[in-house]
Amino acid sequence: MSKPGRTILASKVAETFNTEIINNVEEYKKTHNGQGPLLVGFLANNDPAAKMYATWTQKTSESMGFRYDLRVIEDKDFLEEAIIQANGDDSVNGIMVYFPVFGNAQDQYLQQVVCKEKDVEGLNHVYYQNLYHNVRYLDKENRLKSILPCTPLAIVKILEFLKIYNNLLPEGNRLYGKKCIVINRSEIVGRPLAALLANDGATVYSVDVNNIQKFTRGESLKLNKHHVEDLGEYSEDLLKKCSLDSDVVITGVPSENYKFPTEYIKEGAVCINFACTKNFSDDVKEKASLYVPMTGKVTIAMLLRNMLRLVRNVELSKEK
């Protein structure tokens, strides 16, 4: 590239949603004695990243008119009971849990303990099923919008902000012709992100330590939802081939030692890092046209947006 690429801060993207969120909270307050919706966060670990996320969530939500209650659970064995109690508390509008807690399948179980009506993170199995099947509503009348997991949704919104989505195409096909690579296939972010992008029309290379897969909706988007094809076991050669074919490189490797090779980046590509550590080297902008080093502030904006959507869904359900 003739000149270095630009850095796009997450705060700049998040700002585009702030006015909408604040206005909706103010409307809510008019019918709820001047009080904003209540978000309850559960912290049952000593993870510094989780504590930082909790601090960011509280600061951002309260600045926008929400009420926020961080409940620290000293004995993690009592977390499930605390979540169930919040599920049944009509004063609570949204619930989130700062993971990891147990760091195993028990965490996946806890994700399902949060009732879907209050699941601001979009981790409930109903929401995941809708995501993977490209279903965008909870009801046949298309009134109750399904909830998407916060970080994958944040990355979609970043791509929209960067005009990677083509608004001239029909909704649901606006990534047609784009190729993306996602270096992470976790059940929380990587896999659902690959599915979301493919369901919107992209060809997505999904990378983990074992293999590389391709997510697409088939030739000319003939399929209603994404299809997964195994490309082979992980190798540097296959990674390089897929990456150099990609217009967008998205990384989420939770390791300070990991750096995505700059020489694998296609000239003019867009690079986005959603890990809490830097996954790209300092020379990334020698190849990338646009570089987003962190996504956290957009993730929190999507969490609050999800919460307002849940509040709206509850209100619409009562009208039936």
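Cβ coordinates come from backbone N, Cα and C, glycine included.
What you see is a predicted model, and the numbers here were worked out from it, not measured in a lab.
Sequence annotations record features per position, and here Swiss-Prot assigns active site to Cys150 based on similarity to another entry. Feature annotation from Swiss-Prot assigns NAD(+) binding site to Arg185, Ser186, Asp208, Val209, Phe274, Ala275, Cys276; the stated evidence is experimental evidence.
A map of Swiss-Prot features onto the structure.
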residue : record              : DSSP class
Cys150  : active site         : helix
Arg185  : NAD(+) binding site : coil
Asp208  : NAD(+) binding site : coil
Phe274  : NAD(+) binding site : coil
Quick note, Ala275 (NAD(+) binding site): same-chain residues at least 6 apart with CB under 8 Å of its CB -> Asn184, Thr251, Gly252, Val253, Pro254, Ser255, Tyr258
Using a 10 Å cut-off on Cβ-Cβ distances across all protein chains shown, tell me which of the recorded positions (Cys150, Val209, Cys276) has the largest neighbour count.
Cys150
Around Arg185 (NAD(+) binding site), how many other CB atoms lie within 10 A of its CB?
20
Give me the non-local Cβ neighbours of Asp208 (NAD(+) binding site): same chain, 6+ apart in sequence, Cβ-Cβ under 8 Å, ordered along the sequence.
Asn184, Arg185, Gly190, Tyr234
CB contacts under 8 angstroms to Ser186 (NAD(+) binding site), restricted to the same chain and 6+ apart in sequence, sorted by sequence, are Gly252
Max CA to CA distance in Å over the NAD(+)-binding set Arg185, Ser186, Asp208, Val209, Phe274, Ala275, Cys276?
19
Over all shown protein chains, what is the count of other CB atoms within 10 A of the CB belonging to Phe274 (NAD(+) binding site)?
29
